[in-house]
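Colleague: Sharing a structure, written as structure tokens. Questions coming.
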């Protein structure tokens with residue numbers, strides 16, 4: 001390690017990144033690179049946010065098998081789309097690659113049902129959640145290599161956090177945990193420590209969350225989708241500022257950027 005002009009030997013913590021294979025009813029569907037923690041949440045969140053199952057009740061169970069080369073998630077969901085149509089993703093995904101392996105444009109640009117209006121949130125609640133999130137990321141604190149997705153109440157209280165080397169994975173883990181716990185997804189908002197990409201908006205809107213806030217910027221396609229799906233999208237959430245790109249009615253005192 002080099003610090004202040006001095007060199008010394010030492011130990012450092014590294015983030016885990018392993019192949020995780022998702023199987024539906026015994027059939028391989030996709031391989032994602034992910035952090036091997038909260039994998040049951042990941043399996044449920046991925047299944048729901050990708051539209052592979054209609055609801056959490058369609059998932060009868062998830063079995064996690066640890067192997068030398070990675071992990072296998074066996075998802076028991078007889079009505080899952082991959083089993084009915086053989087719609088497997090043929091290529092392995094990078095860490096949290098939301099669209100890796102999709103074979104058709106139609107698989108990527110699928111329409112999302114409009115989000116029903118949820119509670120109004122003050123911009124001060126976004127700041128409060130952003131400030132609290134830093135202390136709720138134990139894996140990132142020791143590795144500096146993890147993304148996080150958090151669920152917060154309308155007052156900005158952070159009640160649940162999930163971490164992963166991939167931003168999409170962290171979001172899937174969070175959404176899966178919330179649905180498994182029976183949390184009403186119209187009663188709060190999601191805050192992520194990454195940019196807001198098209199896939200992040202898709203996953204959030206598909207599960208009916210009304211507000212997605214990101215510490216970094218959104219992409220142009222993410223903003224287009226947020227506007228079309230009636231999701232409130234905020235970026236650059238920092239102390240004293242944020243930029244609202246769509247449907248500002250859910251944020252008190254906010255105006256949208258054209």
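Cβ coordinates are placed from backbone N, Cα and C, and glycine is handled just like the others.
Automatic, uncurated: that is what TrEMBL annotation is.
Just so it is clear, the model here is predicted, and its values are computed rather than measured.
Reproduced below are the annotations present in TrEMBL:
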type	residues	note
ACT_SITE	97	active site, cysteine persulfide intermediate
BINDING	236, 237, 238, 239, 240, 241	Mo-bis(molybdopterin guanine dinucleotide) binding site
Colleague: Ranked by the number of other Cβ atoms within 10 Å of their own Cβ, which of the binding-site residues 238, 241 ranks first?
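Modeller: Max Cβ neighbours within 10 Å, all protein chains included: 238.
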Colleague: In DSSP terms, helix, strand or coil for residue 240 (Mo-bis(molybdopterin guanine dinucleotide) binding site)?
Modeller: coil
Colleague: Taking only same-chain residues 6+ apart in sequence, whose CB is under 8 Å from that of residue 237 (Mo-bis(molybdopterin guanine dinucleotide) binding site), what do you get?
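Modeller: Set apart from residue 237 (Mo-bis(molybdopterin guanine dinucleotide) binding site) by at least 6 residues yet with Cβ under 8 Å, we have 126, 127, 130, 191, 213, 214, 215.
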Colleague: If you count Cβ atoms within 10 Å of the Cβ of residue 236 (Mo-bis(molybdopterin guanine dinucleotide) binding site), leaving out that atom itself, what do you get?
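Modeller: That number is 15.
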Colleague: Restricting to the chain of residue 239 (Mo-bis(molybdopterin guanine dinucleotide) binding site) and a gap of 6 or more, list residues whose Cβ falls under 8 Å of its Cβ, or answer none.
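Modeller: Correct list: 127, 130, 131.
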Colleague: Give me the count of other Cβ atoms within 10 A of the Cβ belonging to residue 240 (Mo-bis(molybdopterin guanine dinucleotide) binding site).
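Modeller: Around residue 240 (Mo-bis(molybdopterin guanine dinucleotide) binding site), other Cβ atoms within 10 Å: 6.
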Colleague: Starting from the Mo-bis(molybdopterin guanine dinucleotide) site formed by 236, 237, 238, 239, 240, 241, give every other residue of that chain whose CB sits within 8 Å of the mean position of their CB atoms, in sequence order.
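Modeller: The surrounding set, listed in chain order, is 127, 130, 242.
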